[in-house]
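What follows is one structure encoded as structure tokens, with my remarks underneath.
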Amino acid sequence: MTAPGARLRIIAIGRDSKGPEADLVARYAARLQPRPEVVALPDGTGSPAEIKRREADAILRRLAAEDLVIALDLGGKAPDSAAFAAMLASWRETSRPLAFVIGGAEGLERRIIERADAVLSLGNLTLPHLLARAVLAEQLYRAQCILAGHPYHRAGRP
């Protein structure tokens, strides 16, 4: 998925669950090469502003200077799967470790958006954060298949 030796991480606010969403994340993550590291960070506490600040602090501690950061945020671009695959191909060519960031219930603090190299949205629907992880993992797998010419992605199907 990324250049040889490059890391792929999904950094998400919220506990790791043992439910069906976690099963989906694990299923798609196992199909990815390299297999992504899924980092679950605790939810922040306090007022909404304090929650966002604490969650941003935790995320920033997990990011390295060389990471290519892709933040998932409602205000981001919502590419289709083919466009996402093209973006992934260009990011992979940088040989930088990729870090996809999913915020908590209050969203991502401005510092994370500013640190991001790209800001994407999974669409206008509101998703539970565990489901957002599963959707991201599936789209990463789908992008890998598109780039490899694998028939998993059937573009233009009625």
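Note: Cβ is positioned from N, Cα and C throughout, glycine not excepted.
Listed in sequence order, VAL135 are the same-chain residues six or more apart from LEU127 (S-adenosyl-L-methionine binding site) with CB atoms under 8 A from its CB. According to Swiss-Prot, the feature S-adenosyl-L-methionine binding site maps to LEU72, GLY103, LEU122, GLY123, ASN124, LEU125, THR126, LEU127, an assignment based on sequence analysis.
Candidate binding-site residues: GLY103, GLY123. Fewest other C-beta atoms within 10 angstroms, GLY123. When the binding-site residues LEU72, LEU122, LEU125 are compared by the number of other CB atoms within 10 angstroms of each CB, LEU125 has the fewest.
The Cβ of THR126 (S-adenosyl-L-methionine binding site) has 9 neighbouring Cβ atoms from other residues within 10 Å, across all protein chains displayed. In the three-state DSSP scheme, LEU72 (S-adenosyl-L-methionine binding site) falls into the strand class.
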